[in-house]
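Following: one structure in structure tokens, then a few remarks.
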Amino acid sequence: MKLYCNSNEVRSRTLATLRQLRQPSPATFLDTRRVDARIIKTGFDTDTCRSNFIVEDLLRRGQVSAARKVYDEMPHKNTVSTNTMISGHVKTGDVSSARDLFDAMPDRTVVTWTILMGWYARNSHFDEAFKLFRQMCRSSSCTLPDHVTFTTLLPGCNDAVPQNAVGQVHAFAVKLGFDTNPFLTVSNVLLKSYCEVRRLDLACVLFEEIPEKDSVTFNTLITGYEKDGLYTESIHLFLKMRQSGHQPSDFTFSGVLKAVVGLHDFALGQQLHALSVTTGFSRDASVGNQILDFYSKHDRVLETRMLFDEMPELDFVSYNVVISSYSQADQYEASLHFFREMQCMGFDRRNFPFATMLSIAANLSSLQMGRQLHCQALLATADSILHVGNSLVDMYAKCEMFEEAELIFKSLPQRTTVSWTALISGYVQKGLHGAGLKLFTKMRGSNLRADQSTFATVLKASASFASLLLGKQLHAFIIRSGNLENVFSGSGLVDMYAKCGSIKDAVQVFEEMPDRNAVSWNALISAHADNGDGEAAIGAFAKMIESGLQPDSVSILGVLTACSHCGFVEQGTEYFQAMSPIYGITPKKKHYACMLDLLGRNGRFAEAEKLMDEMPFEPDEIMWSSVLNACRIHKNQSLAERAAEKLFSMEKLRDAAAYVSMSNIYAAAGEWEKVRDVKKAMRERGIKKVPAYSWVEVNHKIHVFSSNDQTHPNGDEIVRKINELTAEIEREGYKPDTSSVVQDVDEQMKIESLKYHSERLAVAFALISTPEGCPIVVMKNLRACRDCHAAIKLISKIVKREITVRDTSRFHHFSEGVCSCGDYW
């Protein structure tokens, strides 16, 4: 097939390669004479060809203006002249000048079209690139694309390219015969383009039609499967590639290792690691980094560090992975160490893991660290990179600097779904759930589609209100948006229903999920754990392993939480001790905190202290608070005072819970002077007790109550109901437990104050506002007191209703005078 209509153009292009003879040397004039002789012999215009050489030489030296001056002054130009000048402008990014020359050309060659088309494609101006391709194919000059045109136009494709555009190019390639074996590169770029525009179905058809495939063909589809989440298919194709005799490359290992990470298949990943070692690819920087990332994503911090230390060549990716690995393990000091080391290595600052480090600052609520990182990002101009801007939004929001967060959010060059989710998440994480849901409504108005992370965040906000109606509305919206089959959205729904007290709905959503991964199982395990069903949580964990999935750190945390809530000390200890040797998971701070809670609740303080001494890090606020709470339950005043001393010495301690717990311990012992000392210390540090609130949803409206609240429109009816219930439960044997009252007042005043705690007001209001037999769900922002717990147990028996109270510790399902927690919380 004839691809060039102007044979002189081919000859002219051939002569242009003679510029290689004109390297600066003492023989320059001799070389020039030889070129001129060749030009005269072939019948070309000597002046034009010599000028073309000069233009190209000037462009090669970066002197674009001088080259353009020579070009403009040429009396006779040919297509080589203009193509050379267009190429020069394109290489310097001056596409406007290049386009002017292109539009003014009376005759264009395939080279002309390809040069300009390539610039548009490389710079993501796909509409213009494909428009030029169509114009070229329809032009009257008989200029048809060659294989270089196809391999220039297609490689830059991404999901912004219309799917039909790739199909049209494919059809033209077939028409011109470029789908045959001599042009395998064209078939390979077409295959990659179909993968990039998410048409795996067409990619698979093309793959099967390619008569003789090479390693690039296999690598392209392996990567395409992995990017689309079809991890099993990616692994199967890799095995097929090996069986067909094609040798894997560094790209092969990178793609298939990513697929293994997606499958959470640790054993298979280890096999691939071994194969990369035997084939020698493990020493390749890109493969080594992917192996490093594989171990990091499986929470194997020790293995990640060992491989990092053994790598022959470290680049910025290696440092990014090891910093992220320590961050995921909550070992922030180690992350900071490697970040400082990375700064001394001479890497381009734009490649620094600012997003990861900002996430650490957000998790630590360290505004100072966050601002330092912000300054570094500005110096590196990395704040213009969208994901760093999103991380800045997240950091400022989680440090409760919402004005700064919104300012950065508004200044982002492009507000994506991730940007909106970062801001929404910041509000939700700080307990401003209403503000988060309002932002979600605004996001919907901006015509952006919510993704799995967005839904997980708004479902969390919905769960915080315990509003089953709101949760079901979000469930319906997820169905309409086509995200129900997404495992992360499904997992978020499981979590939401569980936190709204509807474990039955949570289990149903889980069972209806078409695909389940570790996140789905973790949601179910946590749902059972939070609702006090330890046996079901442990059963779900066992089924997860039976399904072939490898448990991760979150899975173990869910089981430990279940054991803690149910008092399964021996089982909890077994799971904790099995983490490293059996499951290959390094315990994080949360796992240690859960074990301390389990041991402390059971009064096993010697074991708890031994565990704290053996931890690889210092006990933090959560751990000492857990010990203090256990001491309050078991009246261990000496250890309580030690725990309180540790807590009160923490500069960052802003939570009043530790002070309140210590006050309760002293009040129960009748040491009122020490109660006053604790309250004085609170005032001096400017720490205020968080007021107790409870809320209940009745008739699609949330009603909020505080202790001794007299502001509700139905206040008189509520008080009458409480007095009526108090009289009835007293006949059932109820005796007020005044040990939780920290005011030094007479006994009768203590009893009266207990009657009007926020959770009892909410229960009383629900009883007078809902039909008989209707279940009641009450939420509380603090831990339920022991007296209210005892009272609501008896109330559930008297009124013959299921009453659910969710506090900060767990769910309490009251029915027939019994609580699901077994009085253990």
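Even glycines carry a Cβ here, placed using N, Cα and C.
Here the structure is a predicted model, which means the values were calculated and not measured.
According to Swiss-Prot, the feature repeat 'PPR 2' maps to 78-108. Over the repeat 'PPR 2' (78-108) the predicted model carries a mean pLDDT of 88.
Annotated repeat 'PPR 3' per Swiss-Prot: 109-143, in sequence order.
Residues annotated as repeat 'PPR 4' in Swiss-Prot: 146-180. Each residue in the repeat 'PPR 4' (146-180) gets a DSSP state, and the totals come to 20 helix, 0 strand, 15 coil.
The repeat 'PPR 5' feature in Swiss-Prot is assigned to 183-213. Counting residues of the repeat 'PPR 5' (183-213) by DSSP class, helix then strand then coil, yields 24 helix, 0 strand, 7 coil.
Among the features that Swiss-Prot reports, repeat 'PPR 6' is placed at 214-248. According to DSSP, the secondary structure content of the repeat 'PPR 6' (214-248) in residues is 26 helix, 0 strand, 9 coil.
Nonlocal intrachain contacts for the repeat 'PPR 7' (249-283), taken as residues 6+ away from its ends with a CB within less than 8 angstroms of a stretch CB, comprise 215, 218-219, 222-223, 225-226, 229, 231-232, 234-235, 238, 241, 290-291, 293-295, 297-298, 312-313, 517-518, 549-550, 552, 584. Taken from Swiss-Prot, the feature repeat 'PPR 7' applies to 249-283.
Same-chain neighbours of the repeat 'PPR 8' (284-314): 250-251, 253-254, 257-258, 260-261, 264, 266, 269, 273, 276, 321-322, 324-326, 328-329, 331, 345, 550, 552-553, 584-586, counting only residues six or more beyond its ends whose CB sits under 8 Å from a CB of the stretch. Per Swiss-Prot, repeat 'PPR 8' is recorded for 284-314.
Below 8 angstroms of C-beta separation, residues 350, 354-355, 358-359, 361-363, 365-367, 370, 373-374, 377, 422-423, 425-427, 429-430, 446, 448 of the same chain, each at least six residues beyond the ends of the repeat 'PPR 11' (385-415), sit close to that stretch. According to Swiss-Prot, the feature repeat 'PPR 11' maps to 385-415.
Per DSSP, the repeat 'PPR 12' (416-450) is made up of 26 helix, 0 strand, 9 coil. The repeat 'PPR 12' annotation in Swiss-Prot covers 416-450.
If you look at the repeat 'PPR 14' (486-516), the same-chain residues 6 or more away from its ends with a CB under 8 A from one of its CBs are 452-453, 455-456, 459-460, 462-464, 466-468, 471, 474-475, 478, 522-524, 526-528, 530-531, 533, 547, 549, 777, 804, 806, 811, 813. The annotation repeat 'PPR 14' is assigned in Swiss-Prot to 486-516.
Annotation source Swiss-Prot lists repeat 'PPR 15' at 517-551. Counted with DSSP, the repeat 'PPR 15' (517-551) comes out as 26 helix, 0 strand, 9 coil.
Secondary structure by DSSP for the repeat 'PPR 17' (588-618): 23 helix, 0 strand, 8 coil. Residues or ranges marked as repeat 'PPR 17' by Swiss-Prot: 588-618.
The region 'Type E motif' annotation in Swiss-Prot covers 623-699.
The region 'Type E(+) motif' annotation in Swiss-Prot covers 700-730. Note on the region 'Type E(+) motif' (700-730): residues 465, 467, 469, 691-694, 753, 755-758, 760-762, 764-765, 767-769, 791, 794-795, 798-799 of its chain, located 6 or more positions outside it, place their CB under 8 angstroms from a CB of the stretch.
Residues or ranges marked as region 'Type DYW motif' by Swiss-Prot: 731-825. Taken residue by residue, the region 'Type DYW motif' (731-825) breaks down under DSSP into 39 helix, 16 strand, 40 coil.
Residues 264-266, 298, 487-488, 490-492, 494-495, 497-499, 501, 503, 506-507, 510, 558-559, 561-563, 565-566, 568, 571, 583, 585, 810-813, 820-822 of the same chain sit 6 or more residues outside the repeat 'PPR 15' (517-551) yet have a Cβ under 8 Å from a Cβ within it. Listed as Cβ neighbours of the repeat 'PPR 17' (588-618) (distance under 8 Å, sequence separation of 6 or more from its ends, same chain) are residues 329-331, 553, 556-557, 560-561, 563-564, 567-569, 572-573, 576, 579, 626-627, 629-631, 633-634, 636, 639, 824. Mapped onto DSSP helix, strand and coil, the repeat 'PPR 3' (109-143) counts 26 helix, 0 strand, 9 coil.
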